[in-house]
Amino acid sequence: MAHLIRSKFQNKLSNAATSMSNKSTAKVSGMMAKMGFQAATDEEGLGFAACDDLDYDHRQGLQMDIMKSDEMGGGDAGEGSGEGGMAGGEDGMAAGDSHYQRDGTGPPPSGSKASGLGEEEKSPKITAWEAGWNVTNAIQGMFVLGLPYAILHGGYLGLFLIIFAAVVCCYTGKILIACLYEEDEDGQLVRVRDTYVDIANACCQPRFPSLGGHIVNVAQIIELVMTCILYVVVSGNLMYNSFPTLPISQKSWAIVATAALLPCAFLKNLKSVSKFSLLCTIAHFVINILVIAYCLSRARDWAWDKVKFYIDVKKFPISIGIIVFSYTSQIFLPSLEGNMQKPSEFHCMMNWTHIAACVLKGLFALVAYLTWADATKEVITDNLPSTIRAVVNLFLVSKALLSYPLPFFAAVEVLEKSFFNEQERTWFPNCYGGDGRLKAWGLTLRCSLVVFTLLMAIYVPHFALLMGLTGSLTGAGLCFLLPSLFHLKLLWRKLLWHHVFFDVAIFVIGGICAISGFIHSMEGLIEAYKYGIED
């Protein structure tokens with residue numbers, strides 16, 4: 001009897017000790033989960049759940065806290081400022097753990113998530129067609145006029161490069177958007193990054209958490225502002241050549257064009273920009289029809305024997321930069337995809353826009369070169385007769401003015417997020433007031449950016465060389481080098497062997513094109529200034 005009592009007493013002591021041990025283990029597990037180690041201990045946690053009911057109950061309670069935090073943070077913005085503010089503490093951290101990232105960073109806190117939902121509700125979304133018009137406007141821009149010049153110095157290789165650049169830029173645009181997403185615990189893709197800068201910062205963590213963002217910001221600003229400058233340069237040049245008898249210089253025409261562009265400072269969202277893109281695309285098709293119609297009228301004189309398998313070693317690298325720059329759209333693709341009503345249609349939109357661009361650019365460049373052969377000029381409209389040239393140039397100027405708002409709006413967004421965002425502790429205060437309206441000094445800064453593009457267009461009026469330089473430097477970097485590098489870094493464990501091969505090949509080829517194009521473009525600019533050559 002005494003032995004039985006002693007045995008029961010020992011069993012109770014053992015059970016009590018085991019219970020206390022399990023409770024302490026559960027508490028430590030919960031603390032580790034809240035500190036950000038939930039992702040690293042998922043397998044271990046599942047093992048405990050299979051053999052220990054206490055751990056299972058604890059994890060179920062944690063999931064209920066996560067669901068409660070999500071409801072309070074994402075459901076009602078009003079509750080987030082009251083009782084929901086408590087979710088920003090322990091529950092908010094737990095919610096972040098439920099959508100962890102492999103790079104060790106979590107999504108924005110619940111407060112920012114709620115504010116983001118409010119912004120999405122206020123900001124109008126665009127359809128896949130409107131997004132396609134924006135991309136088409138970017139890759140079917142004014143720079144198509146320099147493609148016959150690339151055929152002049154590259155022959156069939158230049159034509160192949162037009163097709164190759166379309167395929168590569170379409171691919172890198174898709175993998176760049178793929179870097180915005182991560183899988184959650186349920187295997188569902190969640191958008192955990194919003195911009196090109198977020199992707200770069202994720203790749204540089206944990207040693208240099210902001211280095212990648214600074215590099216991408218500088219490259220984006222340079223390319224976007226250079227694009228705006230080129231639109232002003234070409235507008236002044238075309239107007240001057242259209243009305244050579246008027247006593248107005250090219251610089252004066254550039255000033256007139258800039259005055260028409262000042263309303264761009266009042267742009268609020270991409271919805272307005274997409275309307276300009278639609279008109280711009282219509283103007284582009286009219287220009288193509290006029291030029292191709294004239295070329296077809298001279299089809300009997302086409303010089304097929306002039307298209308050869310040779311390249312001009314000195315000038316063709318500049319043409320590579322021109323071709324690459326004509327396809328640049330990656331810098332605003334994250335923003336565009338985030339503003340789409342159905343982001344799932346993004347890949348389809350990229351396919352048909354780049355296929356259309358490839359076909360139209362290739363046919364335009366080949367037909368124009370066959371018409372003028374060795375007499376092909378840097379801007380193909382300079383080869384047209386004076387009567388047709390004036391009409392085409394007017395459409396080109398309207399296209400340049402309508403194309404200007406998209407890169408300008410993207411540049412303004414980058415500058416505002418980098419230097420004028422109080423939430424991210426930037427150097428300057430927010431440009432917007434509490435009611436969401438742009439402040440007066442913020443509007444002044446936007447107008448100053450328009451004026452800056454004018455000043456650069458006046459003092460650096462070399463259209464082809466600037467386009468080749470920008471395409472070789474920032475264009476190749478943002479479209480070829482960085483997307484492939486980021487894709488390898490963030491999604492390495494999920495990539496198949498052919499994805500790795502494509503990314504490495506694109507990185508190597510892009511690097512060679514960038515270096516050679518940059519060197520020859522700089523040589524061309526130095527030579528132009530040395531001998532006083534003007535476009």
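Backbone N, Cα and C define each Cβ position, glycine as well.
The following features are taken from TrEMBL:
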COMPBIAS  72-91  compositional bias 'Gly residues'
DOMAIN    125-522  domain 'Amino acid transporter transmembrane'
REGION    68-121  region 'Disordered'
TRANSMEM  157-181  transmembrane segment
TRANSMEM  215-240  transmembrane segment
TRANSMEM  276-296  transmembrane segment
TRANSMEM  316-336  transmembrane segment
TRANSMEM  348-370  transmembrane segment
TRANSMEM  390-415  transmembrane segment
TRANSMEM  443-460  transmembrane segment
TRANSMEM  466-488  transmembrane segment
TRANSMEM  500-519  transmembrane segment
Spatial neighbours of the transmembrane segment (157-181) far in sequence, C-beta under 8 Å, 6+ residues away: 139, 147, 150-151, 189-194, 196, 198-199, 202, 307, 309, 311, 316, 319-320, 323-324, 326-330, 333-334, 337, 346-347, 350-351, 354-355, 357-358, 361-362, 365-366, 479-480, 483-484, 486-487, 490-491, 502-503, 506, 510
When counting Cβ pairs under 8 Å to the transmembrane segment (215-240), the leader among 276-296, 316-336, 390-415, 443-460, 500-519: 390-415
Winner by Cβ pairs under 8 Å against the transmembrane segment (466-488), considering only 276-296, 316-336, 348-370, 443-460, 500-519: 500-519
Recorded stretch, among 276-296, 316-336, 390-415, maximising Cβ pairs under 8 Å relative to the transmembrane segment (348-370): 276-296
